[in-house]
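Some features that TrEMBL has for this protein:
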BINDING   A:Cys379, A:Cys382, A:Cys419, A:Cys422  Zn(2+) 1 binding site
BINDING   A:Cys388, A:Cys391, A:Cys406, A:Cys409  Zn(2+) 2 binding site
DOMAIN    A:151-320  domain 'Helicase ATP-binding'
Amino acid sequence: MSASNGHRVRVVVATPAHSGLRGPLSYESERALPPGALLRVPLGKREVLGVVWDAEPDDDAGAGFTARPVAACLDEIAPLPAAWCQLVDFTANYYQRGVGEVALAALPPQLRDLDGTQLARRLKKVATGHPAVRGADVGPPPSPEQQGALDRIAAGDGPFLLFGATGSGKTEVYLRAAERVLARDPAAQALVLVPEINLTPQLLARFVDRFGAAHVVAMHSGLTPAQRLRSWLAAHHGHARIVLGTRMAVFTSLPRLGLIVVDEEHDPSYKQQEGARYSARDLAVLRGRLETVPVVLGSATPSLESWQACESGRYQRLEMPSRIGAGALPRVRLVDMNQQPRKTLLAPALLEAIGERIARGEQSLIFLNRRGYAPVLACTACDWKSDCPHCSAFRVFHKADRTLRCHHCGYTERVPRACPGCGNVDIAPLGRGTEQLEEHLSELLSQQLRPGPDGQSRPVRVARMDADTTRAKGALEAQLAQVHAGEVDVLVGTQMVTKGHDFRRITLVAAVNPDTALYSSDFRAPERLFALLMQAAGRAGRDAAHADASQMWVQTWNPGHPLFTALRRHDYPGFAASQLRERREAGMPPFVFQALVRAEARTQEAAQAFLKAAREGGEGLDATGQVMLYSAVPMSLQRVANVERAQLLVESASRPALQHFLAAWQPVLQALRTPGVLRWAVDVDPLAV
DNA sequence: AGCACGCCGACT
DNA sequence: GTCGGCGTGCTC
């Protein structure tokens, strides 16, 4: 190496956490390279993409290796902004992963594969210059509530929690807030996050409509690699003014970021469940702080974390209780299933109400969070049940193709003719899924007729929408179009039907069996159920003409449960207050901070042995005495695809204490060599404990 | 993660 | 005699 005129650069590459190479690697470069510059560097026998990280440190000058030369510099692409590097650095540290792993995962995958010439060609395709954004007065005039929220966003520094009922016009606030930021700075950019790919098209359309297609790009895993690279380059070089995408989009390089919006901020989809298990919502808040940019978190049912942050003054709450262009929220009717005959699937009063809607040419939405025909198949003579041989779960009976399918590992078999245990031919479904509900409703409504457009009566149309009916490409869009076109009278579906879709003609929403969430061991289950039911209720009566007659039906065996009482009043603040009180008393998040170590092994013993050793290795690492290590326990779904899973909970009332502990613990975990352990991972701020 | 090297079974 | 199974180990 030519130490006299060569430059030592520190570069991060995609080295996974367990590889032992956690920090940046040193390379030789002929010229000085700025932090954030993209490079190709040799790594073993390969040549990989790297990002220049910090300046040369003086502590590894004499280390036991010779730095290899940088292979190429991708000069066509501007270096990543310092704020982007800070965000990646924080993410890696906070979520206990390697910097390089996080940095490279945050870049479009195609960037890794293309060489300099290919990239130059791609870059030419991305439009240059900053065409003026479209006029600011395209949208409807903001309501006083919307204007109040906008004024506070413009005046304060946030983060803001935009607490607005479904239909209160949160989107218009996002649009106007973005408009303002873009109008003030001719190069400013806004980042808009949505929970799911499915929800991007309609919000994207709103932004394109307002700002013009040239300024808006999408960023999510549904894009082709080429599209994703194109969007990313447009954002990175400042040509895109609005980036709209799913959680991954929080890492988009945006040189002139001026606003961050997180829509439906309570949605669990914002938590990444693989690799670095980040919360895009939390990172959005952090990014806003790093770049001194306002952050707007929007929801009708905020996460208790965000709600508590408002209570403690860390976030500012902006309230929009009124529904725009619609009447009151639907009236909530509870059906006490204790008063119904046993095995009632749909209460007669509910059926009657559905019938009334059909007669009036209105639509109903029936929600059941379980796909398939029945969750279990059981022998009536012996104790055989449709267990999955590979998982600690039942296989679900799908009547349409006569299969038993495991929803966890995918193992599928044809339904046996007779009981595999005793040969009895009488095997019966236990419980109900959407398929059965659809079948049942079709039968019950088969006698009924609906008014046709020509005055003639027509048979009632029942449709089902779940992961099974929307699997094919374009099927979801086709089904939604059918509902919108009024070709469906009663729509049965899983929670996918409750999200976002603006069904104009629906005036009745029913939750058939939401009680399971009340008995869940997950302390967040009530919070999720409340959000789900509120969101479902929001599907009804979005059209002002029918809003007054719109209803939300809930069938429950626990009609006195406070959750339903709050739901009936549409009282999220009351529900949140009681949940937070319980959480505070029980010492649960958001009043304590948690992390999990999850281990996967061939046997449960091996998984727990690893965690036991991890726990022993962790004793004494916490000097503060504020970190609590629990015992290793099997995960609630103990075995998936023949892999045994266990977890260990770590908890502290102090986030810094927990962070210090986890950082000190990491090398200990890394060094553990427990036989039989396949994988392990740390999950900071886990959603399901 | 890749991609090596490394030592033991069934085949042109 | 080789092709190839995937068990450790290294990558600036």
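Glycine residues also receive a Cβ, built from the backbone N, Cα and C atoms like all the rest.
Heads up, TrEMBL stuff is auto-annotated, nobody curated it.
Distance between Cα atoms for A:Cys409 (Zn(2+) 2 binding site) and A:Cys379 (Zn(2+) 1 binding site): 23 Å, as a whole number. Regional average pLDDT for the domain 'Helicase ATP-binding' (A:151-320) in the model is 96. Ranking the binding-site residues A:Cys388, A:Cys391, A:Cys406 by the distance of their Cα atoms from the Cα of A:Cys419 (Zn(2+) 1 binding site) places A:Cys388 first. Same-chain residues that are not part of A:Cys379, A:Cys382, A:Cys419, A:Cys422 yet have a Cβ within 8 Å of the Cβ center of the Zn(2+) 1 site turn out to be A:Thr380, A:Ala381, A:Asp383, A:Trp384, A:Pro420, A:Gly421, A:Gly423, A:Asn424, A:Ile427. Taking the mean position of the Cβ atoms of A:Cys388, A:Cys391, A:Cys406, A:Cys409 as the Zn(2+) 2 site, the remaining residues of that chain whose Cβ falls within 8 Å of it are A:Pro389, A:His390, A:Ala393, A:Arg395, A:His407, A:His408, A:Gly410, A:Tyr411, A:Val640, A:Ala641. A distance of 15 Å separates the Cα atom of A:Cys388 (Zn(2+) 2 binding site) from that of A:Cys379 (Zn(2+) 1 binding site).
Candidate binding-site residues: A:Cys379, A:Cys382, A:Cys422. Nearest to A:Cys406 (Zn(2+) 2 binding site) by Cα distance: A:Cys379. Residues within less than 8 Å, Cβ to Cβ, of A:Cys382 (Zn(2+) 1 binding site) and separated from it by at least 6 positions along the same chain comprise A:Cys419, A:Gly421, A:Cys422, A:Asn424. Counting Cβ atoms from all protein chains shown, A:Cys379 (Zn(2+) 1 binding site) has 21 others lying within 10 Å of its own Cβ. A:Cys422 (Zn(2+) 1 binding site) is surrounded by 12 other CB atoms, counting those within 10 A of its CB over all protein chains shown. Here A:Cys391 (Zn(2+) 2 binding site) is positioned 20 angstrom away from A:Cys379 (Zn(2+) 1 binding site), judged by their C-alpha atoms.
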